[in-house]
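J.: Supplied in structure tokens, the structure appears directly below.
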């Protein structure tokens, strides 16, 4: 039986073939594959060179019985080569911190132990994709027009490491970066120089959307399209050097837009930034080419994510987390979503759990547009009062907590603001104590007269329903905490459970960033002490009596 394969495919699977003319590979079904490469110098120069593979069945001799040799105990999954990074940029690029056991980050042992010590016996870990998982990347652009460098800073420096073969990136991001470099060279665009402050292109953000209902579900991920955001070193599109910006945008669209042989680019945006700080984006954005709307299907809803809004890099893992989270929101709940961003979490529970009300609070005003677009895609028959508020919830957290059954928090890496932790500790007291303890705080809140505080309370976006929302003296009984900062989460957790005001009921972790020490945690807290602690107190009382 003779099979023809493209030489690149064979090279990836059998690299030893390119050093020997014959290579024998053991197959599990007692088949030995003999590969014979007949190549000339002319064939070697063409990528379409073919290799002939002859498949021959061979009956192996009976092997002598194996004698088991004792081995020292090892950690599970230790040095699992099947889950290794195998990236040529490892140790020069700062993106990944470890190469082996991508499916079991080192911090996982500490995570599991911590939750067991806090009463969670059925902790679970979800690994997901280990390679090609990153669908959103912010990359620095440095070097020269002829040799541009597009990648990440080397650890502890501002030297950019070029990462064209990144194993974490979605393949479409690497392809878009390659095309961008071609455009930089062809159009003689100067990458930014931090020392002098000169140059035209500072950074690029690549975001992949896999939302394409015309494709079968299994094909959508690999066939994703890339939204390219060019961070340009000028005040706006009227600056003298903006001519090259439009030339570069046109180059990308012409070579990889829908009219090209390879439809790779979803859209092109420009962001204008001139400051000398480490802040990547400026405040001005302009849409240049392609579709203006960027959609992803997450947690059962269509979510709009503008380039200026925060979006999770690992969309598949995030979707898994949302599906798990929804199980802990009782149907008909009143939900408060703090640090809500564009409201993906809040809107997903509104749609899937038939919530009575959902209130989203976010400090970044740029997220409002994405929230409104996502809201417009929700079913028209949904009976849920939904609002989005552009404010800092840490200024008067009790005002936001009142009237909610469930609170969802997804803070930045540094964790919850101390004022929010303090407010959660207060509402965790018994109803009688809450009425006494919070009376003065609520009185001050209701008598608030400062105009900027009153404006912040008003909803920037609001959908009313006919449902009665009498929420006086209702306080959260469930706290759902999503964390990307393990150390800050542990500190917040100790503060919350320290006086038995809250207890941990469930905990899950997700491998959002394979190859790093970061881990995403989903923790479910319930108000009051745990059942086991209540039983202990009852036993103690009986013994004393």
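Including glycine, each Cβ sits where the backbone N, Cα and C put it.
Pasting the relevant annotations from TrEMBL:
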- 484: active site, nucleophile (ACT_SITE)
- 312, 339, 362, 410: S-adenosyl-L-methionine binding site (BINDING)
J.: Taking 10 A as the limit, how many CB atoms besides its own sit near the CB of residue 362 (S-adenosyl-L-methionine binding site)?
T.: 26
J.: Can you give me the same-chain residues 6 or more apart in sequence from the residue listed as 'active site, nucleophile' with a CB-CB distance under 8 Å?
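T.: In sequence order, 412, 413, 512, 518, 520, 521 meet the Cβ cut-off.
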J.: What's the longest C-alpha separation between any two of 312, 339, 362, 410, the listed S-adenosyl-L-methionine-binding residues, in angstrom?
T.: 16
J.: With a radius of 8 angstroms around the mean position of the C-beta atoms of 312, 339, 362, 410, what other residues of the same chain does the S-adenosyl-L-methionine site pick up?
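T.: These residues sit around the S-adenosyl-L-methionine site: 310, 340, 341, 345, 411, 482.
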J.: With every protein chain in view, what's the tally of Cβ atoms within 10 Å of the Cβ of residue 410 (S-adenosyl-L-methionine binding site), excluding that atom itself?
T.: 23
J.: Output, ordered by sequence, the same-chain residues six or more apart from residue 312 (S-adenosyl-L-methionine binding site) with a CB under 8 Å from its CB, or 'none'.
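T.: For residue 312 (S-adenosyl-L-methionine binding site), the qualifying residues are 136, 318, 512.
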